[in-house]
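Participant: Below is the structure I would like to discuss, written out as structure tokens.
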Amino acid sequence: MEVKDIDNYCDRGISPNASNYLTYPFDGLCLQKFFYQLQTSLRRFTPYEEIIYTTVYIIISVAAVIGNGLVIMAVVRKKTMRTNRNVLILNLALSNLILAITNIPFLWLPSIDFEFPYSRFFCKFANVLPGSNIYCSTLTISVMAIDRYYSVKKLKIASNRKQCFHAVLVSLAIWIVSFILSLPLLLYYETSMLYVMREIRVVDQSGQEVIRSYGWRQCRLVSAGRLPDITQSIQLLMSILQVAFLYIVPLFVLSIFNVKLTRFLKTNANKMSKTRAPPKRFDRSDSHHNSLKNNNNHTSSLRSPSMPSIRSSITERNKTNQRTNRTTSLLIAMAGSYAALWFPFTLITFLIDFELIINQDYVNLVERIDQTCKMVSMLSICVNPFLYGFLNTNFRHEFSDIYYRYIRCETKSQPAGRFHHDVSSIAHHRQDSVYNDEATLLTTGRQSNGKDGSSSPIGFRSSVRVCSGQTKMIGDRIVLDDDIEKDSFV
């Protein structure tokens, strides 16, 4: 602002034609009040809107801290939960937890006021830390989708320390890639002063004449030492990276591998139905005629427990279809929730960075839409622990144990048939397959036992701990009904 503009708000009582008009000091108290009013008028949101946004962000952050904290605690406190799949879930929960903690102080509060309240270090830190955690979260979800597909298809056991170490290495690689993607935020974001009144002579409260400047410190992509075109190119590059790795790549991976997994499960459900087809009906006339000759032998063969009835076959087929439909719905929810939560933020950020919304009449509206889209995308840190943790039965058992132990201060009685099993594509592939396309479940069991088909194969028992439950076919392997019930591959 020019001196004559400031003089309209803080009149010094001197004629503009005076020789000392430019150097005559202003009243310091008047300038301070004027600057405060100007700063208040430039606040992006009204007090009512600030209360609403702050309340919603607090609810999101608290819910995310509780949900992701429970997931982390469930994996860390017991060795049986430290599997390859759970290491990836732990990595996702850790990134979401950090984002929940840093959301309000580093993302929301600086956006309320026109001035950035922190130092140069926190200007970089406040952008790099949330940015790298968002990238880590989305990349982990992508890796989990790939791992989930190959886990179910090949049934790779993941429980020992060496195999979990591979998952830890994958998680570290995800963090490194996330930091590299956030590196432009560290290099090019700086604090800069936006001055309103610079080097103005004022008289302070003690009556001394001093020189002061009034302005706001802002954290932004600065062009100091660089041409404006280069700064704009850097901004566009960061926007393209954000759209690609925060939305397009994760959504593409989720869609492709979840569709492949859904088709795989439906195909094997059909194979299972054919394998469990009811036997050929027995002719009553022949039965009656033969029973007169050899009643005891044929009666025992007809009532043999190894021959499933038509009713039990239909029941098992319906259960299989229900499990497949439930899993399909969960996979659709994973991809759909990600697409719905991140699309508004990705779209509005892309439009703002490429200056496709430059109408000054709608600046306030764009500010509110942008903040609302950010708030919607932050809901993912609450949804992720629910989709990847609470819908897993093994995690629910651990959450129940944590509740009884630390809230009710008592020990929960463990069910007799509790089952801990996990599969992961990061683990080494088992060479001793238990099932092939030419063999049925019954013949496989007979070959392994040599006497009856009710025993499980020896190789399968050595790799998986079974408490109870019948076996089911998935692809060219055998998994458990209880495993499918617990959604351990999801």
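Quick reminder: no glycine exception, Cβ is built from N, Cα and C everywhere.
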Participant: Tell me if the membrane topology in Swiss-Prot places E115 and N86 on the same side.
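Facilitator: The record shows them split across the membrane, with topological domain names that differ.
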Participant: Where does the N-linked glycosylation site label fall among N17, N297, going by Swiss-Prot?
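Facilitator: In Swiss-Prot, N17 carries the N-linked glycosylation site label; others show none in the record.
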Participant: DSSP-wise, what's the residue breakdown of the topological domain 'Extracellular' (1-55) into helix, strand and coil?
Facilitator: 30 helix, 2 strand, 23 coil
Participant: Residue list, the transmembrane segment (87-107) vs rest of chain: Cβ under 8 Å, 6 or more residues beyond ends.
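Facilitator: Distant contacts of the transmembrane segment (87-107): 54, 57-58, 60-61, 64-65, 68-69, 71-72, 75-76, 122, 125-127, 129-130, 133-134, 136-137, 140-141, 143-144, 147, 164, 167-168, 170-171, 174, 374, 378, 380-381, 384-385, 388-389.
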Participant: What else in the chain is close to the topological domain 'Extracellular' (108-125), if you only count residues 6 or more beyond its ends and a Cβ gap under 8 Å?
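Facilitator: Apart from its flanks, the topological domain 'Extracellular' (108-125) reaches 39, 42-45, 50, 53-54, 57, 185-186, 189-191, 216-219, 371.
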Participant: Against which stretches of its own chain does the transmembrane segment (126-146) lie, if we need a Cβ under 8 Å and a gap of at least six residues from its ends?
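Facilitator: Residues 85, 88-89, 91-92, 95-96, 98-99, 102-103, 105-107, 110, 118, 170-171, 174-175, 177-179, 181-182, 185-186, 189, 219, 245-246, 249-250, 253-254, 257-258, 334, 338, 342, 380-381, 384, 388, 425 contact the transmembrane segment (126-146) from elsewhere in the chain.
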Participant: Looking only at residues six or more beyond either end of the topological domain 'Extracellular' (353-374), which have a C-beta under 8 A from one in the stretch?
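Facilitator: Residues 44-45, 49, 53, 107, 111, 235-236, 238-239, 344-345, 347.
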